[in-house]
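Okay, structure first, notes after.
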Amino acid sequence: MAEPATDTILVLNGPNLNMLGTREPEKYGHATLADVEALCRESAATFGLKADCRQSNREGELIDFIHEAHARKMKGIIINAGGYSHTSIALHDALLAVQIPTVEVHVTNIHARESFRHHSYTARAAFASLCGFGIEGYRLAIQGLAAKLGIKPKA
């Protein structure tokens, strides 16, 4: 049986996000995935939460992480599914199945990019979606998730 993690949120990053810092820095900036994860851990801690940060380039593994979040009774999910946001009905269905409060994040403004990026299946399974704030969007997503859960910052 999975160990409960009721004070934890899942921060889930999808394909190519392991390349942050080197991948098209004019669009995505110079921050690395390690920088994103550190920011998320720091932001979550301000609310007395832990951030369990995961990344995969494989759709099925992302779904397994979502199912694990449910089994471990995690409080919420922050997801940047990358390109799968625009194509994966399976990720959409997994998020709906677990019924965990979810915020979608994108580093870039997906609505100012190619038309195929304007639609997001994962956004339809989230209570909120943020895009275009760079990696600061992760901090904003954690703040929004905490507010949705009624969790105030710790003194």
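In case you wondered, yes, glycine gets a Cβ from its N, Cα and C as well.
A TrEMBL annotation is a machine prediction, not a hand-curated record.
Lifted from TrEMBL, the feature list:
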| type | residues | note |
| --- | --- | --- |
| SITE | R23 | site 'Transition state stabilizer' |
| ACT_SITE | Y28 | active site, proton acceptor |
| BINDING | N80, H86, D93, V107, T108, R117 | substrate binding site |
| ACT_SITE | H106 | active site, proton donor |
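Everything TrEMBL records as a feature, shown here on the structure.
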{"residue": "R23", "record": "site 'Transition state stabilizer'", "Cβ neighbours (10 Å)": "12"}
{"residue": "Y28", "record": "active site, proton acceptor", "Cβ neighbours (10 Å)": "18"}
{"residue": "N80", "record": "substrate binding site", "Cβ neighbours (10 Å)": "27"}
{"residue": "H86", "record": "substrate binding site", "Cβ neighbours (10 Å)": "17"}
{"residue": "D93", "record": "substrate binding site", "Cβ neighbours (10 Å)": "14"}
{"residue": "H106", "record": "active site, proton donor", "Cβ neighbours (10 Å)": "24"}
{"residue": "V107", "record": "substrate binding site", "Cβ neighbours (10 Å)": "24"}
{"residue": "T108", "record": "substrate binding site", "Cβ neighbours (10 Å)": "17"}
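Ranked by CA distance from Y28 (active site, proton acceptor), the recorded positions N80, H86, D93, H106, T108 have T108 at the top as the closest. Put simply, the residue listed as 'active site, proton donor' is 12 Å from H86 (substrate binding site) when counted between their Cα atoms. Residue pair T108 (substrate binding site) / R23 (site 'Transition state stabilizer') shows a Cα separation of 13 Å. Using CA atoms as reference points, the recorded positions N80, D93, H106, V107 were checked against R23 (site 'Transition state stabilizer'), and the closest is V107.
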